[in-house]
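Notes follow the structure.
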Amino acid sequence: MNALRRLWSLFVPYRGWMLLGISVALITLLANIALMSTSAWFLTAMAAAGATGTAMNYFTPAALIRASAIIRTAGRYGERLINHEATFRLIARLRVWFYEHLEPLAPARLQRYHSGDLLSRIRADIDALDGLYVRVLVPVAVANMATLFFSFFLASFHPLLALSALVFWGVAGVGLPIWAERRGRIPGKRLAEDEGALRAAVVDGLQGLAELSVYGAAERQAKRIDGLSRQMITDQGRLASDQALTQAGVGLCAGLSLWVMLWIAVPLVEGGQIEPPVLALLALFIIASFEAVAPLPAAFQILGRTLAAARRLFAIVDAKPEVIDPPTPSPRPKRFDIRCQGLSFTYPGATEPALVGLDLEVPEGGRLAILGPTGSGKSTLFHLILRFWEPDAGTIAIGGDDIRLFQGDDLRRSIAVVSQHTHLFAANIRDNLLIANPNATQDQIESACRVAQIHDFIAALPEGYDTWVGETGVKLSGGQARRVAIARALLKDAPILLLDEPTEGLDAATERNLMQALDRLMAGRTVLLIAHRPAGLDWADKILVLDRGRVSAYGDRSVIPAAMQTVLSSDLV
Ligand code: ADP
Ligand code: MG
């Protein structure tokens with residue numbers, strides 16, 4: 001029940017709205033029951049008066065009926081309006097709340113989750129939470145208050161009437177819900193999980209469709225998706241049939257309750273304790289009163305699903321970020337030199353360290369080339385400088401300030417990165433460039449693209465910078481996407497530049513042009529560039545060669561021993 005309490009705490013700011021929603025729902029229900037029972041009484045009494053030729057006051061009951069009808073109609077409308085308003089406000093806040101917890105987990109913690117699964121949590125699970133309010137809290141509160149009120153009303157005729165109705169309301173509003181909740185627990189939980197798995201499988205299958213087709217695995221993936229969706233349909237079917245059964249159960253309770261009421265009340269009419277028209281009133285009152293408990297079985301079924309969704313969200317919200325921002329404001333470095341001392345790092349779960357006791361120093365405006373075979377820890381060094389991960393030992397300082405003193409955002413503001421895996425958003429080229437600097441002018445964009453050797457290509461496209469690059473940039477080749485990424489880094493205009501194999505995937509001529517252009521760009525900035533081969537490093541002041549996380553050479557170009565050159569070229573080129 002801990003999840004329920006935590007979930008409730010998220011709803012607390014909307015107490016006012018909820019109270020209003022519950023009141024309007026209660027008034028609407030009472031108006032409906034008043035309408036039904038007063039009409040029954042009125043018709044019977046009028047018929048009896050007509051038969052016996054006596055006069056009766058029909059103005060008051062007619063006014064009451066009219067008022068109830070108007071309140072019921074307006075109430076239904078108001079109830080929907082208020083509850084929707086409250087729900088939308090709530091969901092809007094929940095999404096922000098979830099995103100705020102999700103963001104600090106990126107990228108280190110989030111690598112455990114599949115993007116499709118995260119999407120499912122952000123969308124379906126948060127949507128499921130609103131069920132707690134509209135379909136659980138409101139009906140339960142209304143049912144409790146209404147049945148209390150009904151009991152007093154019935155007891156005013158005879159205590160036995162109240163007692164018998166209470167038994168049937170109890171069966172319909174407590175017994176059936178418990179039954180439905182028990183039966184719905186397993187399929188409900190499985191449904192929430194399968195929904196995540198299904199989304200993950202579909203997203204994966206679509207993104208990797210080319211690979212799946214090439215390796216003839218598309219059929220298998222389709223089978224897996226089919227299996228998951230069949231399981232979901234079975235579970236949904238089971239929940240729906242349980243829901244139908246409980247609805248039938250509520251109807252049965254209403255019928256039985258009516259029958260027992262007549263059995264108690266008919267002798268009272270005969271004994272003159274109850275007027276005959278009141279019997280008609282009681283009959284319709286009993287039937288209508290079950291409207292108060294009818295939503296409860298569904299409410300409990302939804303409660304199970306809502307709590308499962310809440311637990312899945314809390315699991316992410318409670319994950320401790322890999323890196324925690326300091327409580328104090330970031331220092332403002334005056335210089336942008338980088339110094340690493342005794343840096344060691346092992347990825348969680350890895351057996352081998354990715355970096356061991358790394359020392360290095362790049363003065364402001366210095367240019368360091370980093371070489372090393374695949375897996376030697378080059379990109380890891382960048383991840384540590386960007387503070388995506390926390391080193392196990394050692395320190396990194398920028399301008400003499402330990403990077404642990406910086407807020408992550410402030411730190412990353414002074415660093416422009418071209419990472420090894422370029423991510424382009426499903427947007428046009430211009431928007432993909434503008435994320436680096438939303439205020440960049442078209443001239444700035446174009447000159448960055450010229451430096452990155454991509455302007456001519458973009459300008460030749462029929463739609464130029466407005467060309468849509470498609471989902472994850474599939475419309476551009478790897479080399480083109482890389483150059484867009486370089487242009488993006490240029491637009492950011494940061495004092496530190498981290499380039500992870502920027503020329504990988506480019507032909508020799510383009511690589512030469514790009515390196516010449518980058519040379520101009522690097523002027524005045526502190527640059528760390530991971531190169532994939534030892535040739536063409538004239539621009540570098542210093543070279544660092546890594547091997548299995550350790551520094552195997554550090555110094556000027558002459559440090560690259562001939563043997564190392566062969567290792568590097570055979571491994572990387
Ligand atoms: P390089 O960039 O030199 O090719 P990396 O720094 O990417 O090498 O990787 C160094 C080692 O750390 C490799 O053994 C790699 O498998 C491992 N590694 C890299 N990234 C992760 C990660 N996110 N989680 C776990 N292990 C990782
Ligand atoms: Mg790498």
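Heads up, the Cβ atoms here are built off N, Cα and C, so glycines get one too.
What you see is a predicted model, and the numbers here were worked out from it, not measured in a lab.
What TrEMBL records for this protein:
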type     : residues : note
DOMAIN   : 24-305   : domain 'ABC transmembrane type-1'
DOMAIN   : 338-573  : domain 'ABC transporter'
TRANSMEM : 12-34    : transmembrane segment
TRANSMEM : 40-59    : transmembrane segment
TRANSMEM : 132-154  : transmembrane segment
TRANSMEM : 160-180  : transmembrane segment
TRANSMEM : 248-266  : transmembrane segment
TRANSMEM : 278-303  : transmembrane segment
Chain residues in Cβ proximity to the transmembrane segment (132-154) (below 8 Å; excluding those fewer than six residues from its ends, i.e. six or more beyond): 7, 11, 14, 18, 21-22, 25-26, 29-30, 33, 83, 86-87, 90, 161-162, 165-166, 169, 173, 282, 285, 289, 292-293, 295-296, 298-300, 302-303, 306
Confidence summary (mean pLDDT) of the domain 'ABC transporter' (338-573): 88
Folded-back contacts onto the transmembrane segment (160-180), same chain, C-beta under 8 angstroms, at least six residues removed: 143, 147, 150-152, 154, 242-243, 246, 249-250, 253-254, 256-257, 260-261, 264-265, 282, 286, 289-290, 292-294, 296-301
Cβ-Cβ under 8 Å with the transmembrane segment (248-266): same-chain residues at least 6 beyond its ends: 157-158, 160-161, 164-165, 168-169, 171-172, 176, 274, 279, 282-283, 286-287, 290, 293-294, 297
